[in-house]
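Record features (TrEMBL):
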type: TRANSMEM; residues: B:12-31; note: transmembrane segment
type: TRANSMEM; residues: B:37-57; note: transmembrane segment
type: TRANSMEM; residues: B:64-87; note: transmembrane segment
type: TRANSMEM; residues: B:144-163; note: transmembrane segment
type: TRANSMEM; residues: B:191-213; note: transmembrane segment
type: TRANSMEM; residues: B:225-251; note: transmembrane segment
type: TRANSMEM; residues: B:310-327; note: transmembrane segment
type: TRANSMEM; residues: B:388-406; note: transmembrane segment
type: TRANSMEM; residues: B:457-473; note: transmembrane segment
type: TRANSMEM; residues: B:507-526; note: transmembrane segment
type: TRANSMEM; residues: B:546-569; note: transmembrane segment
type: TRANSMEM; residues: B:581-602; note: transmembrane segment
Amino acid sequence: MSVLEVRDLSKSFGGVEAVADVSFDLGAGEFLALIGPNGAGKTTCFNMLNGYLRPDRGSVKLEGRELVGRRPRAIVRMGVGRTFQITRTFLSMTVRENVQMALISHHKRMFDFWSRAVRMYEGEADALLDLVSMRDQAARPCSELAYGDLKRLELAIALAHEPALLLMDEPTAGMAPSERVALMALTGEIVKSRGVSVLFTEHDMDVVFAHAHRILVLNRGRLIAEGSGAEIRENPLVQEVYLGGGTVFAAEGV
Amino acid sequence: MGFYLAQLLTGLANASSLFLIACGLSIIFGVTRIVNFAHGSFYMVGAYLAYSLVTWMDGGIFGFWLSLLVAALIVGVLGLIVEVTILRRIYHAPELFQLVATFGVVLIVQDAALAIWGAEDLLGPRAPGLARAVRILGEPIPEYDLALIVIGPLVLGAIWLLFHRTRWGILVRAATQDREMVDALGVNQRWLFSAVFVLGSALAGLGGALQIPREAVSLQMDLSVIGEAFVVVVIGGMGSVSGAFVAAVLISVLNAFAILIFPQISIVLPFVVMAVVLIVRPYGLFGRPGSEAGGAEEPEQPLRLMSRRGAMVLAAFVLILAASPAVTGDFTSILLVDVMVAMLFAVSLHFMMGIGGMVSFGHAAYFGVGAYAAAMGMKYLGLSMLPAMALGPVAAAGAALLFGWFCVRLSGVYLAMLTLAAAQILWGVTYQWGEVTGGDDGILGIWPAGWASGDKAYFYLAMVLCVGGMFLLRRMAHSPFGYGLRGVRDSAVRAEAIGMDVKLHQWMGFTVAGAFAGLAGVVFVFSKGSVFPDVLGISQSVDGLIMVLLGGIHALAGPILGAGVFILIEDWVTRLDYWRVIFGGIILVVVLVAPDGVAGGVDRLLRAVGIRRGDAT
């Protein structure tokens, strides 16, 4: 059964169709990439999935429940976690506290006026930090972290809600090539071990072909191709879009 | 018919005056992003200078108008001095520092004006050639009002030409939109900022100078005008000159007719209009979300739970405080009550401002509501002391719940402005609604119950309430709720992404801060036995800001330290003549020399001489 069902998702901005009739399914434990040139509508698509934009038409169902029309925070609570293209963390808190905050919110204890926040869900937070190999940095202020570590921290924060689906917007943007591989390998393991499904956008085709189980290609707001890495690489329409013809991906190999 | 026309013309004349003051403020804000409280002082100095020059020259029509222009020019020079010596150093500081620094200038200018022109109100001469009234549709209209109606649009036109037809003006408009871009283009920012400040100050001076035939020149002109000027700027959109004009006309004309129906409305109306406009258009009628104010702040360090040793030191302090009445006189006990009230007030302000990241320029509102609610509960409901004391924080929380709902919809300096508007509305209502609040005469005879009536007995009651209040706020700062507030401050996007209701959280933070300010107000009113509208005034709000700033905003102990230092300095300084100069000077020194407050300053000093070690902060 598919975790996410997207049907006829559409959004226009002042007459420009940013996203038009996009439909796809995402299976349990699947690692799905959404790619496309700049301005293809990837971000608009993402923002409709996580509730920041209201689609003009279409429906998004998570495990059978409609997401369209709900607020972002409600969607988070229903089991859609996310990481940001530019990391967003609570800089005045430690690494562990950032995860604890997500856990506190998950357990609906945010309006507790009395307990000491730093003593809450410490064990669970450390377990999540272990998962992303950040346990040794748990006590460090978030403002001191390296960028790649912030990305891993965001992953741990997203997992605090036990999401069924993880939306990752450009997860490896701004990272060194070796870090990219490591982060995606880590994400892949988590997908496998926790049964989370992942939808991610990505510019780095090496990352996409190496890790995605399946790929969706978006161009000018429409889905133009869908399939495995090999299928996408051979697809003439995709090659047309990416370089106006020619062999785009041949050089990059596998 | 003629009567309504006369009202309209009066409204338009007032609009011109208001526009002249507000447009300078708007230009300065647009480019430098500084909320300049000293603008009112420039206005006042302009009026005083014009008064002196006109009386000295005594030269007919030409002399009169020349005097006004010279007064404006001198104020422009004064603006330049303030900009170069003070503001230039704090352009990248958070808005709180800038506001407090300009308030320091306000204090200094007040005493300088007092020294030069004396405390008496000065009645200026009428404008030569425009001293009479003309009859329009049978109604007498002062000729000078008609002149003002012409001058306002003339100045607007001149500024428009300056901003659209000169290279300098285009740079100013560009800087208003995007300061960094203009910097990147290689424009000399220092020069641009100075020039803008001179222009803005000169306009304020001109506004003040033009007032002398209409109203007496007094030392209260500065703060009485600044509130309304801010309102005009905010309604029009910060940085928009034509917006300031439209807003000035809107407010003045509305006011001219509203007072016919409801005479008491004039103080409150501008702030009500501002609140409505900000809710519908958060950046004002003609405003756009500009580039960010101030610079990026260094991220705050994580909070730590109190160490065992810290707790013991604190307990020792509380014990010493509790023992103090045994060894000191009643006078010290009374002073210590003041100190504790100020501490609780500052800690409550810090809760929303430091922890919640919501800067309030009007926190006195909730202090005052608490004080008035307790006083009125006693007077009208016949409550005894303790129930009246309980009513205070509840009423303050109610007021904060009401105004906070609007305020948390905005952020940054706009939120701060709306808190100021809220406080001014409450102040206006308190001041005008004499039958209920006693107006200017206040409410008297609010004394503690018999068992708490001695100075020492009341000291212990105050100590329980204030120390208890501070303990609760500290506990909350460490609770998930307090962490949530800091989280929203750090990154609202992240807070939403972990499923938090950002606005609800801020709203509750605002309310909690208001409730505890109300508690401080309650303790205050029973220690003084009376309450007057100034407990809700701008000065009281600014006092709170200064305390937080003195102590340093990044530490939970900051506001406690700051409030203590503030009250002790105030107690010492206010016994002197010209205490405002000294106090304003102290404020400026703190802002310029120790921007991280007394706590941070001491810390750095200790590191510098090698007593304390650790990472540089």
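Note: Cβ is positioned from N, Cα and C throughout, glycine not excepted.
Just so it is clear, the model here is predicted, and its values are computed rather than measured.
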Cβ contacts under 8 Å made by the transmembrane segment (B:225-251) with residues that lie 6+ beyond its boundaries: 11-12, 15-16, 18-19, 21-23, 25-27, 29-31, 35, 37, 39-40, 43-44, 152-153, 156, 159-160, 163, 176, 269-271, 273-274, 277-278, 283-288, 290, 413-414, 417, 420-421, 424, 538
Spatial neighbours of the transmembrane segment (B:546-569) not adjacent in sequence (6+ beyond its ends, CB under 8 Å) are 94, 96-97, 100, 103, 300-301, 303, 335, 338-339, 342-343, 345-347, 349-350, 353-354, 470, 474, 477, 583, 586-587, 590-591, 596-601
Taking residues 6+ outside the transmembrane segment (B:388-406), which of them lie with a CB under 8 Å of any CB in it? 275, 278-279, 365-367, 369-375, 377-378, 381, 418-419, 422, 426, 465, 506-507, 510-519, 521-523, 525-526
Which of B:12-31, B:37-57, B:64-87, B:191-213, B:310-327 shares the most C-beta pairs under 8 angstroms with the transmembrane segment (B:457-473)? B:310-327
For the transmembrane segment (B:191-213), which stretch among B:12-31, B:37-57, B:64-87, B:310-327 has the most Cβ pairs under 8 A? B:64-87
Listed stretches B:12-31, B:64-87, B:310-327 vs the transmembrane segment (B:37-57), most Cβ pairs under 8 Å: range B:64-87
Can you name the far-off residues of the same chain, 6+ from the ends of the transmembrane segment (B:64-87), with a Cβ under 8 Å from a Cβ of it? 32, 34, 38, 42, 45-47, 49-50, 53-54, 57, 98, 101-102, 105, 125, 127-128, 193-194, 197-206, 208-210, 588, 592
